[in-house]
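Contents: one structure, followed by commentary.
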Amino acid sequence: MSVKLSRLVERLEELYPPRLAEEWDRVGLITGHPDSEIDKVLVAVDPVAKVLEQAIEVGAQLIVTHHPLYLRGTSFVAATDPKGSLIHQLIENGIALFNAHTNADSAKGGVADCLAAAVGLENTRPLLPLSEHTGTGRIGDLPAALPLKEYAQQVEQALPACPAGILVGGDLDAKVQRIAVSGGSGDSFLEEARKAGADVYICADLRHHPASEHLEAGKPYLICATHWASEWPWVPACARQLEHSFVGELTVEVSKICTDPWAARIAPKTLES
């Protein structure tokens, strides 16, 4: 059994409507013929060489990623740089590439909802709502208040393992319960998390000055994961959605390859107060 690529694209766009994407974003089908037959899909965060290698190895004819291959326009796809080479390898191997980026961030059941579920939140709602169930980020509550350090340890266990781990900012002994999350780069939403009354804000890619100035002013405390780890919980969820939508017609593989750029974290032995 197999499914036409056009049907898969239609279903993916139902799950993650392109209208939810930011104006600057690029989402949708990147390579592939709509009439091609697909019987295996690989879902991943990043469209990079080692994910393509995995797709070839497992026999996938479609890769669904969160991140786009070209976020900004290009006039060249020659195989003289990594992205051009990837395009050529995709076409040569008959593999289509589709991405759902900020539309998947905002969608119901998308990146934000998956991250919120992974870190144990209940009664969630969008942090910056577009509607009742869509919008940037999520905010919700833990079943019971926990010390920040204990909760951060739970978050580290809940997210996929990667060399960089997580960073924690704030009073480690303070009890926390209301949590805001945003998958991927999140320091643009620090003020929204504060206004929403969050005790903790979980995101990725926090820069020094915004994080420092934010903590000087008080809560929410900060948990900074890596970009890949904060968005990966969406990958198995997307795979399940596709499997349920096309029962018996295709198989869906989940890529667990860590595509963060960091290979190791060298931690200090001691810290001076």
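Easy rule for this one: first residue shown is 1, then count along the chain.
The backbone N, Cα and C atoms fix where each Cβ goes, and this holds for glycine too.
Among Asp35, Asp105, Asp199, only Asp105 appears in TrEMBL as part of the divalent metal cation site alongside His66, His67, His227, Glu231.
If you count neighbouring Cβ atoms within 10 Å for each of the binding-site residues His66, His67, His227, the highest count belongs to His66. Taking the mean position of the Cβ atoms of His66, His67, Asp105, His227, Glu231 as the divalent metal cation site, the remaining residues of that chain whose Cβ falls within 8 Å of it are Val45, His101, Ala104, Val111, Gly183, Gly184, Trp228, Ser230, Trp234.
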